[in-house]
């Protein structure tokens, strides 16, 4: 009752916020009343009703502004769940000890009727290859053990300025190199749907943390699928923006021409709100785009306002090559189910062929490894990080790197060094760049004809921990669905669309939607409508259902 | 009277002026060596690194000052901390285009940056951002005039390429081992690669001096070799005269003055020629040698083990460098008159090559000279004043021409006042030093000190009469045949005129009186 009243007669502080934000970025998230949970968020953020996922960010905002809940109470509820689930999941490498302090100071601001940022009180998990000031940032590597950067990554700085709180640093495959998070130098993260399975990777910690409600949203990085594949494995929304949409400043480089910072949320709206917060030109990143950032949140129309065919006229291309052999049958049927759902919403579905698709995987591994061999040269033990005791210079280099890097990283550095070597450059690096151009062109052609392209996010659901650890080629092959998108620099959204058998409650399957460059708006609009109208699916992992029951 | 110390490669500002080159170098060795070297031709190419005087570094906002305390001009970006990215300072492009145009190069409208990869403690990222296969400028040339004392002559040396890159830091060696100073890391450089067109140490040193002149004219670098703002690595090989293929190339580093460039090359030519003549040509290795100033020798620094593989690839953190024709044209339009053009113009004014080289050496001196003659001053007189008394004053006081109080207007006025006879040359010199030190105007000083020359014959005659009547004894001696005493009388007259009597008139009247029948 109280909250309904508030929706119609917002308190002064809310109207002040909506009219003009006091934060340095004047971005406000205009909410439609029906989008927000009418129940205040307490200790059960992921709604346990069968209704579609709601934006936790908007609910938090309303709860705080209505004084229904304090930021401290909110933070405590997340931290409690984090403490309960973390022994099973190990998604965090570091949990901030400042969360409650920051929440309390936010509460004081609210008490004093001061303006609060649009992300006030939102707990964000940050992948540990993204720099955070006064907090360890290790990239999951021994070579950076205990390293604390003297600055925040631009993306982190931006969401902090809007009031969000870093809850901690999430686990990853060392420097983002891996698809399971098993290649972390510190710990193996488990999948909240089945703790004997991997959460995917390399942003496995960020995906698992959102899936398990350990934080509201999280940042990951996506070089070849590292946001989208773990989103698929963990049943959350993963958004890989267009290359250049989000500043890479503060993201420890793996493959600079492919790396992007991406967002995880439990709803499309949350991923989109986080994207709005972190997007935009940054003078510290020469590859960031000067294009204006649209307000992505305007795409999140209430389902009640939708007509029966809300996506009428939208042309969707299903990438034929992504349903070839090698894709699990259960994945295929889940994706075909999603196709039917999109058709019901009014879309026109056709198959589209991208003949260069299969070339993407080898090209990706050559380019990513080549760039990484260069990007990781700076970890030499001279200025920071792991420094071996050595008598002479070459031994200092050799030993610092031998003891600092894990086997997957070493393998990629070796492969990349080879690919760039005199006599091999033309056959490997240069050829791979030519393939990249072909792939960009074929996507361009397809996206001139179709509004969006769809495919599975991964050829299988989450597999067992250890299953592919000693078979790198099998693991690399799992990236077939995602790497082409990075080579083309395009935006893609992965959202849960169904289940396959496995674990106690089935395993989630992600649908990948690929858009034209800088057309995140369309992806978010389609994704939101898809999500809000999907029937009979709840993507709440059994682990937190258990925890919440305690 | 004229100071003939034309500033050439062998005489840098900061150097004591009398460092002589080549011929004196091997006074201990005798004729046979000269005869040996005569049978060989040296082939010399130079790589010059020019540190740009931009306010901030190439890829971050750090200012750079040469003498700063170690690691005080650094930030996360130039330290290569994880997660940092380079963003190009647009001044670097502007300076590169300026230099490319000044070196008569073809500019690449689409160039890019590449990563040059190697490990060294002063290289914080493990790679240097540089340009590899598409440098910003290629295929130019540099014209220069050799100093008269080395036989003179005009030379044109080819420029292979000019590219942009970042500097590395420095290793500081102390008792406890080496420490890294990253102040210099990320400072922008332009690397200029010459064609192998030079044949001896003088030519190479003069090439380097002309590069210094050009970068100073352009204002893109202070060109200071001692501070390392201009660094030359030379490649030297020799071949028997008449042979077309090149000999084994040796690189020489640690050349921090033009004279060391010249001397190191001449040493190296002799070393290689001696080995050849003794049938030990195979003992010339492709290697890097260091010039040792103390022993005046080159010594092996490191042997090259095949070609280093720097695994260049395009720098993914930086967009391509795209120049528009309009941009290039606007920069071309803003270039100053370059040394070569200036020298040709001065030459046409009738100045000697020695004068030309002196005046064109420093753009500010040249501008001072130009401004003076534009005000109507006699070309030769203006040149002489600048090269003698003004240059000497600047040298003694360690001032540049911009720092002295004298203006071109007053120099022109001074020259005109002497020419018109208002003041004598001697008084002129006094006024000059007053102007240099304190400023003011020629007219003001003349008036203030009552220095106008006495040109009235009757007034001079009165003074002559006075002197003759006061010195009857000397007059008698003169008339008795001791005509040398004329100088004594002239001096006495000048003394009572306080130096203002016109010397010509004075002597004329004096002679008439002395020789008049009594």
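Cβ coordinates are placed from backbone N, Cα and C, and glycine is handled just like the others.
Where the annotation comes from TrEMBL, it is an automatic prediction and has not been curated.
The annotation compositional bias 'Basic residues' is assigned in TrEMBL to A:1-11. Per TrEMBL, region 'Disordered' is recorded for A:1-56. Among the features that TrEMBL reports, compositional bias 'Low complexity' is placed at A:12-26, A:45-56. Per TrEMBL, domain 'Amidase' is recorded for A:74-524. Feature annotation from TrEMBL assigns active site, charge relay system to A:127, A:202. Look at TrEMBL and you will find A:226 tagged as active site, acyl-ester intermediate.
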Residue A:127 (active site, charge relay system) to residue A:202 (active site, charge relay system): how many Å between their Cα atoms?
9
In this predicted model, the domain 'Amidase' (A:74-524) has a mean pLDDT of 96
Only counting partners 6 or more residues apart, tell me which same-chain residues put their Cβ under 8 Å from the Cβ of residue A:202 (active site, charge relay system).
A:140, A:172, A:173, A:176, A:177, A:178, A:179, A:181, A:183, A:220, A:221, A:223, A:226, A:230
Cβ packing number for residue A:127 (active site, charge relay system), 10 Å threshold:
34
DSSP three-state assignment for residue A:202 (active site, charge relay system)
coil
Should residue A:226 (active site, acyl-ester intermediate) be counted as helix, strand, or coil on the basis of DSSP?
coil
